[in-house]
Amino acid sequence: MTSPDETFRSGFACFVGRPNVGKSTLTNALVGSKVAITSSRPQTTRHAIRGVVHREDGQLVLVDTPGLHRPRTLLGERLNDVVHTTWAEVDVIGFCVPADQQIGPGDRFIAAELAKVTAKTPLIGILTKTDLVRPEVIAERLLALHELAEFAEIVPVSASQGHQVSLLADLLLARMPPGPPLYPDGELSDEPETTLIAEFVREAALEGVRDELPHSLAVVVEEMTPGKVLTVRAEIFVERDSQKSIVIGKGGSRLKHVGTEARRQIEALLGEKVHLDLFVKVAKDWQRDPRQLRRLGF
Ligand SMILES: Nc1nc2c(ncn2[C@@H]2O[C@H](COP(=O)(O)OP(=O)(O)OP(=O)(O)O)[C@@H](O)[C@H]2O)c(=O)[nH]1
């Protein structure tokens, strides 16, 4: 017999909050430098995975949501629908509010949106960047945070100092249902960064069109140029012109989306802002041409 606290737990969590409140930094602090390769994504989620926290007692999969918008356009509304769906599907939501700022209208907007779905999904209030303020301010902000939403727990953390990050992992994990790991340990990768980056781009490019272009797509990272932001130049190789149009989409819309998705993953991997340049090229029958295959890293 296993007692309840020995049960292995696994599930999904996501962080929400205004831009710049420290969601990415917190994700990286929880996950460490290793990031899951999303091509091994389990069928249970359609969402981009930021990272997987492996522990003795459970596994926590951190998923990404697009930013929430004040819906002024149809697209804005659609994006918000995606956010709401994600919130309803994860096991727990971490709502991040920074300690060095007062709670403002942006936070209240998110709280109101969360209130529409969190009847089902538990909410953890996370006061981030506590290293930036004095203890009295932390206390004050915690009280204000308490007023903001119906939180199951509230926890102050400093991701950059690693302060209370493992306590946060405990609290998140406690909200996961009992279940086996969703990822085997080995699926975390130590592969060279360029291989992972190429994999992220390939994964994003195949999203939704996998049936049309099963294996006829390869990605090569041509260049990584450090600067104010790191510039990554990658080429997507397809076999035919028709496939090129699929990848690029109408007016370049699909490629733009691919770029945004891949860039997020790359930024999570490297922990820095990235400018991603993508080029789509036709390399006829690359799968059958040994020279091309070598060039494409096979
Ligand atoms: N001092 C301090 N700075 C932090 C901490 N966490 C994040 N930051 C800084 O806050 C800024 C924003 O952090 P991000 O992690 O990029 O914030 P984000 O919420 O992911 O931002 P978006 O991707 O724009 O939504 C960065 O300059 C971080 O270095 C922290 O615990 N302490």
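Including glycine, each Cβ sits where the backbone N, Cα and C put it.
For 9-178, the entry in TrEMBL reads domain 'Era-type G'.
If you look at the region 'G1' (17-24), the same-chain residues 6 or more away from its ends with a CB under 8 A from one of its CBs are 50, 67, 95-98, 106-107, 110, 126, 128-129, 159, 267-268, 271. The annotation region 'G1' is assigned in TrEMBL to 17-24.
Residues or ranges marked as GTP binding site in TrEMBL: 17-24, 64-68, 128-131. Listed in sequence order, Pro98 are the same-chain residues at least 6 apart in sequence whose CB falls under 8 Å from the CB of Asn20 (GTP binding site).
Among the features that TrEMBL reports, region 'G4' is placed at 128-131. Secondary structure of the region 'G4' (128-131), assigned with DSSP and counted as helix (H, G, I), strand (E, B) and coil, comes to 2 helix, 1 strand, 1 coil.
Summarising the annotation, TrEMBL assigns domain 'KH type-2' to 209-284.
Residues 17, 21-22, 25-26, 96-100, 138, 156-161, 163-164 of the same chain sit 6 or more residues outside the region 'G4' (128-131) yet have a Cβ under 8 Å from a Cβ within it. Using a 10 Å radius centred on the Cβ of Gly17 (GTP binding site) and all shown protein chains, the other Cβ atoms total 21. Taking all protein chains in view, 24 other C-beta atoms sit within 10 angstroms of the C-beta of Thr130 (GTP binding site). Over all protein chains present, the Cβ of Lys23 (GTP binding site) has 23 other Cβ atoms lying within 10 Å.
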